[in-house]
């Protein structure tokens, strides 16, 4: 009986979505702050900055993308760390 109960508890824990979802800011530089939940398994946030004729442009989101030279990229691993 105890074994059956333990098995049910383990199966319940495994089947429930107990995974944590990272939250990252995703607003462009000129917009009000917004954030979103990242896809499951995505544990990083990024802040990407570059300059063009409009000035400094900032892009934020989930993940840690590859960037070209001349683009400043900061990646971090906590909620809303990419502001």
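Glycine is treated like the rest: Cβ placed from N, Cα and C.
Quick look at what Swiss-Prot lists:
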| type | residues | note |
| --- | --- | --- |
| SIGNAL | 1-21 | signal peptide |
| DISULFID | 24-45 | disulfide bond |
| DISULFID | 38-62 | disulfide bond |
| DISULFID | 64-75 | disulfide bond |
| DISULFID | 76-81 | disulfide bond |
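Features recorded in Swiss-Prot, as mapped to the structure shown.
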{"residue": "24", "record": "disulfide bond", "CB count, 10 Å": "24"}
{"residue": "38", "record": "disulfide bond", "CB count, 10 Å": "19"}
{"residue": "45", "record": "disulfide bond", "CB count, 10 Å": "27"}
{"residue": "62", "record": "disulfide bond", "CB count, 10 Å": "22"}
{"residue": "64", "record": "disulfide bond", "CB count, 10 Å": "18"}
{"residue": "75", "record": "disulfide bond", "CB count, 10 Å": "14"}
{"residue": "76", "record": "disulfide bond", "CB count, 10 Å": "16"}
{"residue": "81", "record": "disulfide bond", "CB count, 10 Å": "17"}
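When the Cα atoms are compared, residue 75 (disulfide bond) and residue 45 (disulfide bond) turn out to be 6 Å apart. Closest to residue 64 (disulfide bond) in space, going by CA atoms and restricting to the disulfide-bonded residues 38, 45, 81, is 45.
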